[in-house]
Amino acid sequence: MQVAYELIAAIFPIFAAILVGAALKRYLITGADIWAGIDRLTYYLLLPSLLIVEIYRADFSSGNAGTAVTVTLFATLGLSAVLLLLRPVITRNTPLFTSIFQGSVRYNSYVLLAVADAFYGSAGLALAIVFIAVMVIATNMLGVVVLSAFSGGKSNLKRILGGIVKNPIILAAGAGAVLNISDIHVPVPIENTAALFKTAALPLSLLSVGAGLRFVLDKQALGAIALATTIKLAVLPVITGVCLYLAGIDGMVLAMGVLYAGMPCAGNAYILARQLNGDPDAMASIITLETLLSAFSVAVIAGVLSIN
């Protein structure tokens with residue numbers, strides 16, 4: 001009973017904040033421009049501040065995070081290959097398939113960081129950032145390539161690929177890594193300023209996740225929505241966990257890999273589907289359902305792996 005209570009205490013604030021964000025967008029702060037501004041503030045300042053500070057302060061001298069991320073990457077690539085091979089069986093509607101694909105392999109960095117912080121504090125944040133730094137490139141590239149191949153959405157391809165390379169998350173992770181491994185000493189006033197900004201990153205990012213949810217179910221694609229959600233929240237975490245275990249990974253590192261795999265699809269998958277001629281309606285439904293159900297999947301993962 002005590003373990004269950006501790007799990008609820010850790011997970012509840014994360015998903016409560018997401019639901020508060022959804023309620024604020026619907027009833028109180030309804031202006032799209034306001035939320036767009038919050039998104040930009042979080043994306044370009046607050047979240048990079050968090051990444052730089054946590055990586056700069058982290059101790060990576062021990063552990064097997066690199067191996068875990070590599071194994072997790074190959075698990076995701078393996079699932080991607082299976083989905084592509086089974087595409088004719090899954091659906092002949094290619095735009096819909098691209099939404100199933102994105103919903104099965106992409107993840108929400110904001111939720112992952114919040115979960116990592118809730119379960120493991122600064123050590124978890126630093127480890128989650130290592131996963132994010134690699135997987136944000138891989139999963140974005142997979143989404144772009146599949147959308148371009150199956151939906152003919154090539155008009156914005158160069159700009160989108162350029163945006164991935166210039167992603168503030170990637171740049172901030174790189175900057176933090178350079179500071180961590182070098183002899184550069186960041187002056188305390190500057191470090192404290194960045195640390196001040198980082199404290200607002202997780203609350204605002206979770207509110208933004210909630211505000212971005214679209215509570216309209218695409219009834220024409222119920223099977224596809226259910227399939228993508230099942231793969232993302234159940235199948236991929238199991239595959240990733242087994243692969244990590246066989247690779248000799250255990251403890252917090254294994255748990256973080258499985259938690260990463262069980263994160264809901266990123267909200268910007270909807271934007272990508274719209275830009276590259278995918279199925280944005282199905283994508284929006286997948287994102288919303290996965291985000292809501294991930295509260296339960298994270299609890300199950302935490303219970304199975306005895307995280308508390």
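Here the Cβ of each residue, glycine as well, is placed from N, Cα and C on the backbone.
Unlike curated entries, TrEMBL annotations are predicted automatically.
Here TrEMBL gives transmembrane segment for one range in the set 107-125, 164-182: that range is 164-182.
With a threshold of 8 Å between CB atoms, the same-chain residues lying at least 6 positions outside the transmembrane segment (253-273) that come near it are 63-65, 68-69, 71-72, 75-76, 95, 98-99, 102-103, 106-109, 111-112, 115-116, 119-120, 124, 127-128, 131, 135, 139, 143-144, 147, 160, 208-209, 212-214, 228, 232-234, 236-237, 239-241, 244-245, 279-280, 283-284, 286-287, 290-291, 293-294, 297-298, 301-302, 305, 307.
64-86 is the stretch from 64-86, 129-152, 194-217, 285-307 with the greatest number of Cβ pairs below 8 Å to the transmembrane segment (224-247). The recorded stretches the transmembrane segment (129-152) and the transmembrane segment (41-58) share 3+ CB pairs below 8 A when only pairs 6 or more apart in sequence are counted, and are therefore in contact. Looking at 41-58, 64-86, 194-217, the range that has the most CB pairs within less than 8 A of the transmembrane segment (164-182) turns out to be 41-58. Below 8 angstroms of C-beta separation, residues 109-110, 113, 122-123, 125-126, 129, 132, 168-169, 171-173, 175-177, 179-180, 186, 191, 194-195, 197-198, 200-202, 204-205, 208 of the same chain, each at least six residues beyond the ends of the transmembrane segment (41-58), sit close to that stretch.
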